[in-house]
Amino acid sequence: MEKIIVEGGNKLNGEVNISLAKNSVLPIIVASILSPNDIIINNAPILEDVVVLSDLLTGMDCEIKNDSNGNLKINTSNIKESNMNSELIRKMRASFLIMGPMLSRFGKCKISMPGGCNIGSRPIDLHLKGFKLLGAEIEIGHGFVEAKAKKLKGNRIYLDFPSVGATENLLMASVLAEGTTIIENAAEEPEIWDLANFLNSMGAKVTGAGVGKITIEGVDSLKGISYTPIYDRVEAGTFMVAAAITNSKITINGANEEQLRPTIEKLKECGVKFENIKENVMLVDGTGTKNSVDIKTLPYPGFPTDMQAQMMTLLAVTKGSSIITETVFENRFMHVAELVRMGANIKIDGRTAIIEGVESLTGCEVKATDLRAGAAMILAGLVAQGKTEISDLYHIDRGYVDIEEKFRGLGANIYRVDK
Ligand code: UD1
């Protein structure tokens, strides 16, 4: 079994290069189903989630090639709906995003119900409500969801909650629909803007993405393009917390200040200093005393749930009491038990965690209980006394490219072993 070993205590210094955003690349890969022409995603991060999605599309007779420059070339002209591998669909929740583009292209799509996952039940009701409003008939049975519509027709869709996945699925379904679609209370995450920008570069007519009310004028076809997605704001945020927790100063190449604002503002409240050296390059000064802070996770531009575990780790070793309220996912505190094993003083009451900062953590065997919780364990390991051994690395590999190499480049004592 592979493990990441972190020997705590090293300060970090130097520069780290952030990869492009997983949460942009996944919807962009499935959106390439909307055009029969070549799509090139420049510098695509080859993460486990990208590999799973590529395998799914390859199994459906699409061509996906990774060239030597790290670009992903996709051609879906021969795609076959019937060859969809249910096991791969169930492996990754984001694969449900295939529904929108497939329904749009084939007028039908039958797909295995996405499984629950360890951070919450993650229903798909908002996706389905939207497809119905676009004229699709939906049937659920025997573990599958089937949607059918001869031709999708634009409509006004109000989302009860600004779900990222539902917004993306409906956006992709409506770019080739007849007429105008309006998605209200749409998610505003930067990755939504990125997907809309990608679709517009292909010839779609999408306005308002990133500001809550998206208007889509259906077009007849989309062309092939080459596209560079945005940087991964969660990876950048993880390294910002790393600078803070190790009392270090580091430079982050690939940090968009605006997209990272919710994380940066909270870290500033903690006492971390930032300097935007040039576009997408930030100097993070995590030296000096830190303050305890309260955090509530919310849809963007609120504080991201994907940064909650990492911030909790910082607060676990910050003097004073902090309160974190998780409002996005109902079960996203699995890392608390692991942090407590390392000596943290954290109590959970429903969706709230009360953190009393301790002087230090001690290294031990811990698990990556989900993707961001795994990153949080690495952060804890960086400051813990002695050795931290992290298992269940598949969670971490789903969303971080070369994470231990990147931390080693900054001076951390971290390595992967197979034992
Ligand atoms: C995406 C991100 C994930 C991030 C999350 C919230 C990707 C691949 N993943 O996940 O990293 O943590 O946004 O920022 O981009 N919900 C419903 N009904 C639905 C859909 C969602 O009730 O039909 C609920 C979910 O159960 C959850 C909340 O809405 O409580 C947020 O989910 P959503 O925004 O859809 O997250 P994902 O798209 O799955």
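Cβ atoms here come from the backbone N, Cα and C positions, even for glycine.
These features come from TrEMBL:
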DOMAIN    6-406  domain 'Enolpyruvate transferase'
BINDING   LYS22, ASN23  phosphoenolpyruvate binding site
BINDING   ARG93, ARG122, PRO123, ILE124, ASP125, LEU126, ASP306, VAL328  UDP-N-acetyl-alpha-D-glucosamine binding site
MOD_RES   CYS117  2-(S-cysteinyl)pyruvic acid O-phosphothioketal
ACT_SITE  CYS117  active site, proton donor
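Annotated features taken from TrEMBL, shown on the structure.
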| residue | record | contacts (Cβ under 8 Å, 6+ apart) |
| --- | --- | --- |
| LYS22 | phosphoenolpyruvate binding site | PRO45, LEU47, ASP49, VAL50, ASP232, VAL234, ARG398, GLY399 |
| ASN23 | phosphoenolpyruvate binding site | VAL164, GLU189, GLU191, ASP232, VAL234 |
| PRO123 | UDP-N-acetyl-alpha-D-glucosamine binding site | none |
| ILE124 | UDP-N-acetyl-alpha-D-glucosamine binding site | PHE96, MET113, PRO114, VAL145, GLY165, ALA166 |
| ASP125 | UDP-N-acetyl-alpha-D-glucosamine binding site | none |
| LEU126 | UDP-N-acetyl-alpha-D-glucosamine binding site | LEU159, ASP160, PHE161, SER163, ALA166 |
| ASP306 | UDP-N-acetyl-alpha-D-glucosamine binding site | VAL234, GLY237, ARG372 |
| VAL328 | UDP-N-acetyl-alpha-D-glucosamine binding site | THR297, LEU298, PRO299, THR305 |
Please report the number of other Cβ atoms within 10 Å of the Cβ of ARG122 (UDP-N-acetyl-alpha-D-glucosamine binding site).
-> 16
Relative to the Cβ position of ARG93 (UDP-N-acetyl-alpha-D-glucosamine binding site), how many further Cβ atoms are located within 10 Å?
-> 18
